[in-house]
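**Student:** I have a structure here, written as structure tokens, and I will follow up with some questions on it.
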């Protein structure tokens, strides 16, 4: 049992270290945002969803919810602080439309966390509280990692449509060249026939005089 506790603590520490690097990774992006005073094409959705995940995981790791998981609360509490900073910076430098969008999502996120915390605290006890809080944290952790798809899916569809347009252009560009060539050949033939058409009336006039 003592060895299991030691391993539990060691793996928790290693997990916290790797998690800290994960939460610090966007610092480069937000340093650029602050320097340029613009969010450019960055989306704030992943940071808001990560904030929700950190808040729920911090709640789950608290002693009165899930005993012996204090390391979970420490790293996710740190992550929640960092993500809150990222969201604040994003809201400061984002355009009005994007600012309103992220503010709305942030309100929903805080409402969800408050609901989970109140329900688990007031309506549930013991293992039920632990299971409910852990289940909520797991669900929104999946949503957090899936949130970049909100950017990737539209861009991916746009890339496919753009590629299709280029392929169609390449195909019909050759056909257009062939049709132009056909029109030019037809014009040449018509020009060659015109002298003979002009000579026919002259021949008829000569016969009439005779």
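Heads up, the Cβ atoms here are built off N, Cα and C, so glycines get one too.
Heads up, TrEMBL stuff is auto-annotated, nobody curated it.
Taken from TrEMBL, the feature transmembrane segment covers 6-30, 42-62, 74-93, 105-125, 131-153. According to TrEMBL, the feature compositional bias 'Basic and acidic residues' maps to 177-200. The region 'Disordered' annotation in TrEMBL covers 177-210. Sequence annotations record features per position, and here TrEMBL assigns compositional bias 'Polar residues' to 201-210.
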**Student:** Which range out of 6-30, 42-62, 74-93 gives the transmembrane segment (105-125) the most CB pairs under 8 Å?
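**Tutor:** By Cβ pairs under 8 Å, 42-62 leads among 6-30, 42-62, 74-93.
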**Student:** When you scan the chain for residues with a C-beta under 8 Å from the transmembrane segment (6-30), skipping those not six or more beyond its ends, what do you find?
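**Tutor:** Contacts with the transmembrane segment (6-30): 42, 47, 50, 54, 68, 71-72, 74-76, 78-79, 82-83, 85-86, 89-90.
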